[in-house]
Structure formats: C-alpha cells, structure tokens
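Features of the protein shown, as given by TrEMBL:
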TRANSMEM  6-27  transmembrane segment
DOMAIN    64-93  domain 'RanBP2-type'
REGION    105-129  region 'Disordered'
COMPBIAS  113-129  compositional bias 'Polar residues'
DOMAIN    290-633  domain 'HECT'
ACT_SITE  Cys600  active site, glycyl thioester intermediate
Amino acid sequence: MDASTVTYLFGGVVVLLAGVCIANCIYMRRHPEATGLGEALLNRNFLEFMPGLNRRDVEELTLDMERWECSVCAFMNLVTKPICSLCSTHRDYRLIEFYSDTVPAHEPEKPSRSMSQRASKSLQRQTSKSFQRLSMRKQWTRQLDTKGNVVWARHFLDTEECPASFVIQTGPIRHEVGDSNGPDVSVTVIIHDSTTLGSAETPGLDAIQTIAWVPIEGINAATTVTGLRLLPSTWSSLLPISRLPFSLKYAWFLHQVSDLIVPYADLHIQTKVQRARVFEEALENLLGIKGQGLCAIIRYNFIGESGLDAGAIQREWYTLVAHALLHEESGLFTLSNRDDNSYFINPNSAHDTSHLDVQLEHLELFRAAGRFIGRALLDGQVLPIQLSPVLFKALLGVPMTLDDVESLDKTTYTSLQYIVQNDRVDDLALTFSVTQCFGDRMLEVDLIENGHEMAVTDANKHEYIALMVRHLLFGRVETQLLALIEGVYDVLPPELLTAFDHKELELILCGLHEIDLADWQANTVTSSNLDNTPVLEWFWNIVSSLPQDDQAKLLQYATGASRVPVQGFKGLTSYDGKICYFTLKGVAYKQGVYPVAHACYNRIDLPLYPSEELLKDALKTLLLSDPTGFNIE
C-alpha cells in the first residue's frame, strides 16, 4: 500500500470520525437522557437549553412577525396573541371609528362641552367609557409645525372648540440637551449592607424645585416634564421614534436602558433586607443611593434566608415593595377608582405616613417611591400595581383636561358634567371652595382667594370647572407629585420616556394583566422524562382550570413575580438579564412529595404523579402556602 493510499484512507477515517462526533453531539443535544449528560444538564437548571438572548434580542427577533391592530386602542399585537396586550380586547372585536383631522393645540379656547361629549358625535361606538378612553390614548402628540418648532397637537376632534388643557411642568427650564455627553460622575465604591454611595450627586437634581399647572398655550412643547429643553436635533430623532409601533419603540428603549446600567465590575450594590421591614428599608436605601449608584446593579438577600439572588429574590423584592406601596398602611396612595381599582396620590399623606418607622420626611417618601418606579423601568421588572392614568400622564407631562377627572373620580366628573350641561347652577348653592381632609379634620379649602364667599353661577361656572380640574388632578397633591416625578427622573433621563403614551408606559411598568396560557405553554422547556407523558398534559389541564389569581400565584412560585413581562413568557429572565424560559423538570414520585419551585431559574420540579388527581391536590396545596421566601436546599 503506497503512501498516497494510506493518506487517503487516513483522511477518510478522520472525516468519518468527525461525522460521527458531530452526529453524536447533535443526538446528545436533542436526547440528553442518553448517558448521564441529561441528568447533569437538568441539575444545571436547564441553562444549557436557554437561548443565550436578552430582552433586546427577543424584541428584535419579533419585529418582522405578522401583527393585528386592536380596533379599540390601535395597539399592534402579534398574531399569536388572541387578546390585545394593551387593553385586553379580543382580536375579533370590531369598532368603527370616524375621526377628524388633527387640531393645533393653540386654537383659541372657548368654554364648551367636554372632549368626551364632542367625541361621542364622531365616535359611533357600542362600547364602554373605558374603551373610549383607551381609543384616545394618542389624543395628544408632539409634532413639528411649519416653522420646525415642536408643538403639542390634539387629535380626534370634529370641532374647533378646544376645552381648557393644561400641562404639569416641574422646575425652571435648564440648559438645552442634545445627543448629549453629560458631566462624568465617578463612583468606584462597592457597597455592602445598603450604605450610601460616595459623595457624587446626580447632575441637575436640585434644579427641580417647583411644579406648576400650565395652560397648553403657555408651554414650550420642546421642554420635558422636568423642565429640560431638548435641542431640535434631539427632537428630530425622538419624534419619528414616538410614531413607531410599540414593539419598535420598546426595542429602542431597551437599547437605551442597557447603556445606562453601570457595569457590574465597575460598581455594584449588595443589600441585606429584613423581610419584616422590606418596604421601609427599600425607601430608605433608595433615597440613600447617589450618583452612578442609581443605575448600578443591585443584588438582594433577605436576612436569615440562605437563598442567593440569581434573579428571583430581586423579582420578589419588587413585588413585596410594590404591594406595600399601595397598601393603605403605607399612607402614600389611596384607591381612587373602584371600577378599575386604580390608585392616586393620597392628599392626606402627610398625616397618614406619620406612623411609618422610617428616617425620612414625608416628601422624601414620595421621592423614594419615584426612584422605585425608575429602578423598575431600568431593571425591566414588572410591578403588580394599578396606578391612575392621571399619574402616568403626569409623569410624562402630557396635557390633561376635564375628561381626565373621569378616570380619577367618576362621581365628581358626573357632577362637573352636570354643571357644564345645565343652566341655573346657582340653585346648587356651590361656592369656589371644596372640603378636604387635613389630618383628622375636614376643612374648607378655597379654590381662589375668599372662594368660600363666592357663589358659582352660570356666568362663572366655566372658571369654577377649570379650578376644580386643577384641584383634583394637581393642586391637592402638587408637592407629593413633584417629589414623585423627581424620583423617577433621578434614575432615568426624561427624554427616554417621551416616545411613549401613558398606556404604553403603564404596559412597560406593569406588564400584562392577563395570563395567556397558550403563550405560557409555547415558551416552556420540559425535561425529556416529561415529554409525551400524561403528567405534562395533566399539569396544563389543571393550570388552565385555575382562576387568574391562582395562575398568578403559581407564576410567582415559579419565577418570583406574579405579572408577565410585556414580551410575554418569552421575556422571562434570570439574574443576569438573559432569557430564562419557564421550565418543568420531571422528578421521581414519592408518596407525600410536592412540586418544588426554583424561582431563580423559573423552574418547577414536578414529581411524576401516577394520577391527575394526586397532581391536582399537590398543586392546590402548594397554592395555599406563602409563595415568598428563599432557601438553598
């Protein structure tokens, strides 16, 4: 056998071996149960099977997917979604709308019927008031006028009569900001036990000192809610982004947010939390963080619990603090609308927070609450809270009118509408004053000087309505609102949120209200010993039969959070921000054993029960226990 033949045969053997190795690798990847590799991978929490993506990648991968437009709110949803992610309207619902062209915001103002009255002529709908409000989420948008100036434009009008419109504006107008390279802030301290970071302050924080209720005619639309006037070059980029479908805007937002986060190696925060004081310590710690620390990665550990924060502890921390934030005991917020269970700032918060065991002043609590919201947006955490649309509009600096009172207090709105629509209002014996709770007492508050002595008549009723709108949406909570806005924008630059309307901001912050079981199933990884078994079918049958509250509780067991991210179940992440799908791992059944959750990896270890009834009883027992608390097994 000559040398060339040997070389040829050797080369053939090498190719054959390489092919066998490749085929074996593919087989092992698809069938890890062969040999011990499968169990090894399963014990590593399925990380070998995760896609290695982050939230930005997920959003970009879906950009070209087919979508359907919601007939109520015009939100573009993936075709795989049967209900709208923004307003929960079913895909088959049809709503015929007739809208007029845009009306400039600076048209002469005339006392007239409210927006919702006039809109009812052009919006021939068979739907509720809530649908009507949703359909008008883009009632106000910024755009360029013929001279290239940024102006507010009002949409969905069939008349030139514009009701009084106002914008909440904080702080004096400061220097213009373009594509900006702001001052560098150097903080190199790694903190432990929640101590305060360095001495560097966030640039420009102290510039926000006042808050005002400004008529739309007196506002410069190029100015953000913080009083920061952006350069025309910045608006030339932001305005086209604001007109994009939500998915594109959200992808842009995720890119911007990722650039804000301080690298872990440069600065990070380790904080230990007492579970009994999680809310109080959260507010104290958030207000103590300064400079770059506001955008540093934070890891949490509950004192006395051996769990490590691989994602789930952070999610649980956000969930616990969010629940406490809206609880009556906190005194910060109060239920304002029982129809949608939405919360507004408590006007009597100075009194109702006095019992809290915190080393913070009353308004500092609201600034800390604002930072909590800002950090949730930065960390991509969804909060199980329902804030009033008025608050979301206030955070964005979007114009508001009489119609916004309806989402806050329907009874008062109805009364104000009656005054607008009817004559002889002097028969109602109203004055330019309101009663308000201060501490333990009810006091009369003048809307104007000596208002308690001025009667409301047909001649001055429109002035009374305007003053009442100001009082309800702004005046009675203006100092708390200022602190809340400051807190949010301590963390995020204001231009980052200008691309979104108030409902889109709510979606980002609060996630999806409804749990889509089909989406949950489609984005679940299962171990090979569960595939094609009745146990897997039983599990999903049982979950589908649960009410939404119990489904949310099961989700909290498995992931540490009861809400689904805006991207759905394909957006679940681990501690490092990488996508980590919900996972079901089959384990051996023993009598009396229950499913075990590994929330840091979004995983449930599911015993291979011999009957559906045993599995159902086990899951029901699991749901009766407290879904919080972490310990290493």
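Every residue, even glycine, has its Cβ placed from backbone N, Cα and C.
Tertiary neighbourhood of the domain 'RanBP2-type' (64-93): same-chain residues 127, 131, 134-135, 137-138, 245-247, 503-504, 507, 512-514, 516, 518-519, 522, 566, 568, selected by CB-CB distance under 8 Å and a gap of 6+ residues from either end. Counting every protein chain shown, the number of other Cβ atoms lying within 10 Å of the Cβ of the residue listed as 'active site, glycyl thioester intermediate' is 22. For the domain 'RanBP2-type' (64-93), the model gives a mean pLDDT of 87.
Residue counts for the domain 'RanBP2-type' (64-93) under DSSP (helix as H, G, I; strand as E, B; rest coil) come to 0 helix, 8 strand, 22 coil.
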